[in-house]
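Before any comments, here is the structure.
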Amino acid sequence: QNETSVTEFILLGFSSNPALRLCLFGIFSVLYSATLMGNAFVFVLICLDYRLHSPMYFFLCHLCIVDICYASNNVPHMLRNLLGQGRTISFAGCGTQIHFYLIFALTECVLLAVMSYDRYVAICHPLRYALIMNRRMCLTLAAVSWTFGFLFGTLQASLALHLPFCGPCEVDHFFCEILAVLKLACTDTTANKVLILAVCVCFLLFPLALVLISYVRILATILRIRSAARWHKTFSTCGSHLTVVGLFYGNAIFMYMGPESGNSSAREKVLSLFYSLISPSLNPLIYSLRNKQVKEALVKLQRRKRVFHS
(Lines of atoms letter the chains of each structure in order from A and count residues from 1; the text may use other names and numbers.)
(Lines give C-alpha, C1' and ligand atoms only; values in the text may rest on other atoms or scores of the structure.)
Protein backbone atom coordinates (compact mmCIF):
# COMPACT_ATOMS: atom_id res chain seq x y z
CA GLN A 1 0.00 0.00 0.00
CA ASN A 2 2.99 2.29 0.56
CA GLU A 3 4.24 1.73 -2.99
CA THR A 4 4.18 4.82 -5.22
CA SER A 5 4.41 5.22 -8.95
CA VAL A 6 7.96 6.48 -9.51
CA THR A 7 8.34 8.87 -12.43
CA GLU A 8 11.87 10.11 -11.75
CA PHE A 9 14.98 9.51 -9.66
CA ILE A 10 17.35 11.95 -7.98
CA LEU A 11 21.06 11.26 -8.53
CA LEU A 12 23.02 12.33 -5.44
CA GLY A 13 26.35 12.40 -7.25
CA PHE A 14 29.63 12.98 -5.43
CA SER A 15 29.50 15.97 -3.11
CA SER A 16 27.43 18.98 -2.09
CA ASN A 17 30.52 21.22 -1.86
CA PRO A 18 30.31 23.67 -4.82
CA ALA A 19 34.10 24.15 -5.04
CA LEU A 20 34.76 20.41 -5.06
CA ARG A 21 32.01 19.81 -7.62
CA LEU A 22 33.51 22.45 -9.92
CA CYS A 23 36.97 20.90 -9.55
CA LEU A 24 35.60 17.43 -10.34
CA PHE A 25 33.75 18.86 -13.34
CA GLY A 26 37.02 20.18 -14.76
CA ILE A 27 38.88 16.89 -14.20
CA PHE A 28 36.10 14.69 -15.58
CA SER A 29 35.57 16.97 -18.58
CA VAL A 30 39.23 16.57 -19.54
CA LEU A 31 39.07 12.78 -19.10
CA TYR A 32 35.85 12.53 -21.10
CA SER A 33 37.34 14.60 -23.93
CA ALA A 34 40.43 12.39 -23.86
CA THR A 35 38.20 9.31 -24.04
CA LEU A 36 36.30 10.55 -27.07
CA MET A 37 39.29 11.93 -28.97
CA GLY A 38 41.70 9.11 -28.04
CA ASN A 39 39.40 6.25 -28.99
CA ALA A 40 38.16 8.02 -32.12
CA PHE A 41 41.76 8.72 -33.15
CA VAL A 42 42.82 5.06 -32.71
CA PHE A 43 39.73 3.94 -34.65
CA VAL A 44 40.46 6.32 -37.56
CA LEU A 45 44.18 5.44 -37.51
CA ILE A 46 43.39 1.74 -37.83
CA CYS A 47 40.96 2.40 -40.68
CA LEU A 48 43.48 4.56 -42.60
CA ASP A 49 46.58 2.36 -42.28
CA TYR A 50 46.35 -0.89 -44.26
CA ARG A 51 49.11 -2.46 -42.12
CA LEU A 52 46.69 -2.37 -39.18
CA HIS A 53 43.97 -4.24 -41.08
CA SER A 54 44.45 -7.44 -39.08
CA PRO A 55 42.19 -9.33 -36.63
CA MET A 56 43.87 -7.82 -33.57
CA TYR A 57 43.13 -4.27 -34.70
CA PHE A 58 39.69 -5.24 -35.96
CA PHE A 59 38.77 -6.18 -32.39
CA LEU A 60 40.55 -3.09 -31.08
CA CYS A 61 38.22 -0.99 -33.27
CA HIS A 62 35.25 -2.64 -31.58
CA LEU A 63 36.81 -1.94 -28.18
CA CYS A 64 37.14 1.75 -29.13
CA ILE A 65 33.46 1.85 -30.13
CA VAL A 66 32.44 0.20 -26.85
CA ASP A 67 34.52 2.65 -24.80
CA ILE A 68 33.10 5.71 -26.59
CA CYS A 69 29.51 4.48 -26.19
CA TYR A 70 30.09 3.39 -22.60
CA ALA A 71 31.49 6.74 -21.51
CA SER A 72 28.85 8.70 -23.45
CA ASN A 73 26.07 6.76 -21.73
CA ASN A 74 27.05 7.90 -18.22
CA VAL A 75 29.43 10.85 -18.22
CA PRO A 76 27.41 13.70 -19.84
CA HIS A 77 24.65 13.40 -17.23
CA MET A 78 27.29 13.22 -14.50
CA LEU A 79 28.86 16.47 -15.74
CA ARG A 80 25.44 18.16 -15.72
CA ASN A 81 24.93 16.87 -12.17
CA LEU A 82 28.23 18.41 -11.07
CA LEU A 83 27.03 21.77 -12.42
CA GLY A 84 23.78 21.38 -10.50
CA GLN A 85 21.68 21.06 -13.65
CA GLY A 86 21.00 17.32 -13.93
CA ARG A 87 20.25 15.80 -10.55
CA THR A 88 16.89 14.41 -11.63
CA ILE A 89 16.44 11.75 -14.28
CA SER A 90 13.18 10.27 -15.51
CA PHE A 91 12.33 6.64 -14.88
CA ALA A 92 12.62 5.93 -18.61
CA GLY A 93 15.96 7.76 -18.77
CA CYS A 94 17.25 5.80 -15.79
CA GLY A 95 16.15 2.55 -17.41
CA THR A 96 17.92 3.52 -20.63
CA GLN A 97 21.14 4.22 -18.72
CA ILE A 98 21.00 0.86 -16.96
CA HIS A 99 20.22 -0.94 -20.21
CA PHE A 100 23.09 0.51 -22.26
CA TYR A 101 25.50 0.43 -19.30
CA LEU A 102 24.99 -3.34 -19.02
CA ILE A 103 25.14 -3.94 -22.77
CA PHE A 104 28.47 -2.16 -23.22
CA ALA A 105 30.02 -3.57 -20.04
CA LEU A 106 29.09 -7.19 -20.88
CA THR A 107 30.16 -6.74 -24.50
CA GLU A 108 33.59 -5.56 -23.37
CA CYS A 109 33.91 -8.58 -21.06
CA VAL A 110 33.49 -10.95 -24.01
CA LEU A 111 35.52 -8.78 -26.38
CA LEU A 112 38.59 -8.80 -24.13
CA ALA A 113 38.46 -12.61 -23.97
CA VAL A 114 38.16 -12.75 -27.78
CA MET A 115 41.22 -10.50 -28.10
CA SER A 116 43.23 -12.85 -25.87
CA TYR A 117 42.21 -15.80 -28.06
CA ASP A 118 43.40 -13.87 -31.10
CA ARG A 119 46.80 -13.33 -29.45
CA TYR A 120 46.96 -17.02 -28.50
CA VAL A 121 46.39 -18.13 -32.10
CA ALA A 122 48.84 -15.53 -33.47
CA ILE A 123 51.68 -16.58 -31.16
CA CYS A 124 51.07 -20.28 -30.59
CA HIS A 125 49.86 -21.15 -34.12
CA PRO A 126 51.43 -18.51 -36.38
CA LEU A 127 51.39 -20.67 -39.53
CA ARG A 128 47.65 -21.31 -39.17
CA TYR A 129 46.76 -17.81 -37.95
CA ALA A 130 45.41 -16.49 -41.26
CA LEU A 131 43.41 -19.69 -41.74
CA ILE A 132 41.88 -19.72 -38.23
CA MET A 133 41.31 -16.00 -37.77
CA ASN A 134 39.80 -15.42 -41.19
CA ARG A 135 37.30 -12.69 -41.97
CA ARG A 136 34.31 -14.90 -41.24
CA MET A 137 35.70 -15.95 -37.83
CA CYS A 138 36.44 -12.34 -36.86
CA LEU A 139 32.95 -11.18 -37.81
CA THR A 140 31.42 -14.12 -35.93
CA LEU A 141 33.40 -13.45 -32.74
CA ALA A 142 32.55 -9.72 -32.87
CA ALA A 143 28.87 -10.51 -33.45
CA VAL A 144 28.87 -12.99 -30.56
CA SER A 145 30.37 -10.34 -28.24
CA TRP A 146 27.70 -7.77 -29.10
CA THR A 147 24.86 -10.31 -29.12
CA PHE A 148 25.72 -11.75 -25.71
CA GLY A 149 26.09 -8.25 -24.28
CA PHE A 150 22.74 -7.16 -25.69
CA LEU A 151 20.79 -10.27 -24.62
CA PHE A 152 22.06 -10.53 -21.05
CA GLY A 153 22.12 -6.75 -20.57
CA THR A 154 18.51 -6.54 -21.69
CA LEU A 155 17.52 -9.43 -19.43
CA GLN A 156 19.07 -7.86 -16.31
CA ALA A 157 17.74 -4.38 -17.07
CA SER A 158 14.20 -5.68 -17.73
CA LEU A 159 14.05 -7.63 -14.47
CA ALA A 160 15.38 -4.67 -12.47
CA LEU A 161 13.01 -2.12 -13.99
CA HIS A 162 9.93 -4.27 -13.46
CA LEU A 163 10.43 -4.13 -9.68
CA PRO A 164 8.15 -1.89 -7.59
CA PHE A 165 9.93 1.24 -6.32
CA CYS A 166 9.01 3.39 -3.32
CA GLY A 167 10.05 6.79 -2.09
CA PRO A 168 12.49 8.33 -1.42
CA CYS A 169 13.85 7.95 -4.95
CA GLU A 170 17.39 9.13 -4.27
CA VAL A 171 20.04 7.08 -6.10
CA ASP A 172 23.31 7.32 -4.17
CA HIS A 173 25.39 7.36 -7.33
CA PHE A 174 26.34 9.65 -10.22
CA PHE A 175 24.33 7.61 -12.75
CA CYS A 176 21.70 4.86 -12.67
CA GLU A 177 23.96 1.97 -11.73
CA ILE A 178 21.99 -1.24 -11.29
CA LEU A 179 23.16 -2.04 -7.73
CA ALA A 180 22.34 1.48 -6.54
CA VAL A 181 18.87 1.39 -8.14
CA LEU A 182 18.06 -2.06 -6.70
CA LYS A 183 18.49 -0.61 -3.20
CA LEU A 184 15.39 1.54 -3.82
CA ALA A 185 13.10 -1.38 -4.67
CA CYS A 186 10.41 -2.04 -2.07
CA THR A 187 10.45 -5.78 -2.58
CA ASP A 188 12.88 -8.65 -2.17
CA THR A 189 15.69 -8.32 -4.73
CA THR A 190 17.41 -11.63 -3.95
CA ALA A 191 16.53 -13.05 -7.38
CA ASN A 192 18.05 -10.01 -9.11
CA LYS A 193 21.24 -10.24 -7.04
CA VAL A 194 21.52 -13.97 -7.77
CA LEU A 195 21.16 -13.22 -11.48
CA ILE A 196 23.85 -10.52 -11.25
CA LEU A 197 26.16 -13.01 -9.54
CA ALA A 198 25.44 -15.64 -12.21
CA VAL A 199 26.13 -13.13 -14.98
CA CYS A 200 29.38 -12.14 -13.23
CA VAL A 201 30.49 -15.78 -13.22
CA CYS A 202 29.64 -16.13 -16.93
CA PHE A 203 30.99 -12.75 -18.08
CA LEU A 204 33.83 -12.12 -15.61
CA LEU A 205 35.23 -15.31 -14.10
CA PHE A 206 34.78 -17.54 -17.16
CA PRO A 207 36.27 -15.06 -19.68
CA LEU A 208 39.06 -14.22 -17.21
CA ALA A 209 39.85 -17.94 -16.95
CA LEU A 210 40.03 -18.13 -20.76
CA VAL A 211 42.34 -15.09 -20.79
CA LEU A 212 44.64 -16.65 -18.19
CA ILE A 213 44.71 -20.00 -20.03
CA SER A 214 45.54 -18.21 -23.28
CA TYR A 215 48.41 -16.31 -21.70
CA VAL A 216 49.78 -19.38 -19.91
CA ARG A 217 49.97 -21.06 -23.32
CA ILE A 218 51.50 -17.89 -24.79
CA LEU A 219 54.10 -17.75 -22.02
CA ALA A 220 55.01 -21.39 -22.59
CA THR A 221 55.47 -20.63 -26.28
CA ILE A 222 57.57 -17.49 -25.95
CA LEU A 223 59.89 -19.17 -23.45
CA ARG A 224 61.01 -21.31 -26.37
CA ILE A 225 61.68 -18.25 -28.53
CA ARG A 226 65.37 -17.30 -28.74
CA SER A 227 64.93 -14.17 -30.81
CA ALA A 228 65.09 -10.98 -28.75
CA ALA A 229 63.15 -9.09 -31.43
CA ARG A 230 60.24 -11.54 -31.29
CA TRP A 231 60.30 -11.41 -27.48
CA HIS A 232 59.98 -7.63 -27.59
CA LYS A 233 57.20 -7.71 -30.20
CA THR A 234 55.26 -10.33 -28.23
CA PHE A 235 55.49 -8.46 -24.94
CA SER A 236 54.59 -5.11 -26.55
CA THR A 237 51.33 -6.42 -28.01
CA CYS A 238 50.36 -8.79 -25.19
CA GLY A 239 51.42 -6.36 -22.48
CA SER A 240 48.95 -3.75 -23.74
CA HIS A 241 46.08 -6.22 -23.68
CA LEU A 242 47.01 -7.59 -20.24
CA THR A 243 47.07 -4.08 -18.80
CA VAL A 244 43.55 -3.38 -20.09
CA VAL A 245 42.34 -6.80 -18.88
CA GLY A 246 43.76 -6.19 -15.40
CA LEU A 247 42.07 -2.80 -15.08
CA PHE A 248 38.71 -3.95 -16.40
CA TYR A 249 38.23 -7.38 -14.85
CA GLY A 250 39.91 -6.41 -11.57
CA ASN A 251 37.57 -3.47 -10.96
CA ALA A 252 34.50 -5.43 -12.09
CA ILE A 253 35.19 -8.44 -9.86
CA PHE A 254 35.93 -6.23 -6.85
CA MET A 255 32.75 -4.21 -7.39
CA TYR A 256 30.20 -6.91 -8.19
CA MET A 257 31.66 -9.94 -6.43
CA GLY A 258 33.49 -8.35 -3.51
CA PRO A 259 32.12 -8.33 0.04
CA GLU A 260 29.68 -5.59 0.98
CA SER A 261 30.89 -3.01 3.45
CA GLY A 262 29.56 0.02 5.27
CA ASN A 263 30.97 2.39 2.65
CA SER A 264 29.79 0.31 -0.33
CA SER A 265 28.16 3.35 -1.99
CA ALA A 266 31.42 5.31 -1.99
CA ARG A 267 33.28 2.23 -3.26
CA GLU A 268 30.76 1.72 -6.07
CA LYS A 269 31.13 5.34 -7.19
CA VAL A 270 34.93 5.17 -7.31
CA LEU A 271 34.99 1.82 -9.12
CA SER A 272 32.32 3.00 -11.56
CA LEU A 273 34.60 5.89 -12.48
CA PHE A 274 37.15 3.35 -13.72
CA TYR A 275 34.49 1.81 -15.95
CA SER A 276 32.93 5.00 -17.22
CA LEU A 277 35.87 7.35 -17.52
CA ILE A 278 39.36 6.33 -16.42
CA SER A 279 39.70 2.96 -18.17
CA PRO A 280 38.21 4.18 -21.51
CA SER A 281 40.52 7.21 -21.46
CA LEU A 282 43.61 5.07 -20.73
CA ASN A 283 42.96 2.38 -23.34
CA PRO A 284 44.11 4.46 -26.36
CA LEU A 285 47.28 5.49 -24.49
CA ILE A 286 48.02 1.90 -23.44
CA TYR A 287 47.63 0.53 -26.94
CA SER A 288 49.43 3.39 -28.70
CA LEU A 289 52.36 3.85 -26.33
CA ARG A 290 53.13 0.14 -25.90
CA ASN A 291 52.41 -1.01 -29.45
CA LYS A 292 55.12 -0.59 -32.07
CA GLN A 293 52.78 -0.96 -35.06
CA VAL A 294 50.42 1.73 -33.79
CA LYS A 295 53.36 4.10 -33.18
CA GLU A 296 54.69 3.44 -36.69
CA ALA A 297 51.25 4.13 -38.15
CA LEU A 298 51.11 7.39 -36.17
CA VAL A 299 54.53 8.46 -37.49
CA LYS A 300 53.44 7.61 -41.04
CA LEU A 301 50.27 9.68 -40.61
CA GLN A 302 52.28 12.66 -39.32
CA ARG A 303 54.64 12.46 -42.32
CA ARG A 304 51.67 12.29 -44.70
CA LYS A 305 50.22 15.37 -42.98
CA ARG A 306 53.49 17.32 -43.38
CA VAL A 307 53.68 16.44 -47.07
CA PHE A 308 50.08 17.50 -47.57
CA HIS A 309 50.63 20.89 -45.90
CA SER A 310 53.90 21.50 -47.75
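Each residue, glycine too, has its Cβ placed from N, Cα and C.
Among the features that TrEMBL reports, domain 'G-protein coupled receptors family 1 profile' is placed at 38-287.
Taken from TrEMBL, the feature transmembrane segment applies to 19-48 (among others). For the transmembrane segment (19-48), the residues of the chain that approach it from at least six positions outside its boundaries are 13, 57, 60-61, 64-65, 67-68, 71-72, 75-76, 78-79, 82-84, 277-278, 280-281, 283-285, 287-288, 294, 297-298, 301, judged by C-beta separation under 8 angstroms.
As annotated by TrEMBL, transmembrane segment applies to 55-73 (among others).
Taken from TrEMBL, the feature transmembrane segment covers 98-117 (among others). Residues 56, 59-60, 62-63, 66-67, 69-70, 73-74, 141-142, 144-146, 148-150, 152-154, 156-157, 160-161, 175-178, 181, 199, 203-204, 207-208, 210-211, 214-215, 241, 244-245, 248-249, 252, 275 of the same chain lie 6+ residues outside the transmembrane segment (98-117) yet bring a C-beta within less than 8 angstroms of a C-beta in it.
According to TrEMBL, the feature transmembrane segment maps to 138-155 (among others).
Annotated transmembrane segment per TrEMBL: 194-216 (among others), in sequence order. Residues of the same chain lying 6 or more positions beyond the ends of the transmembrane segment (194-216) and with a Cβ under 8 Å from any Cβ of it are 106, 109-110, 112-113, 116-117, 119-120, 148, 152, 155-156, 159, 178-179, 238, 242, 245, 249, 252-253, 256-257.
Here TrEMBL flags 237-258 (among others) as transmembrane segment.
According to TrEMBL, the feature transmembrane segment maps to 270-289 (among others).
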Mind checking which residues of the chain, 6+ beyond the ends of the transmembrane segment (138-155), have their Cβ under 8 Å from one of its Cβ atoms?
55, 58-59, 62, 99-111, 114, 117, 195, 199, 202-203
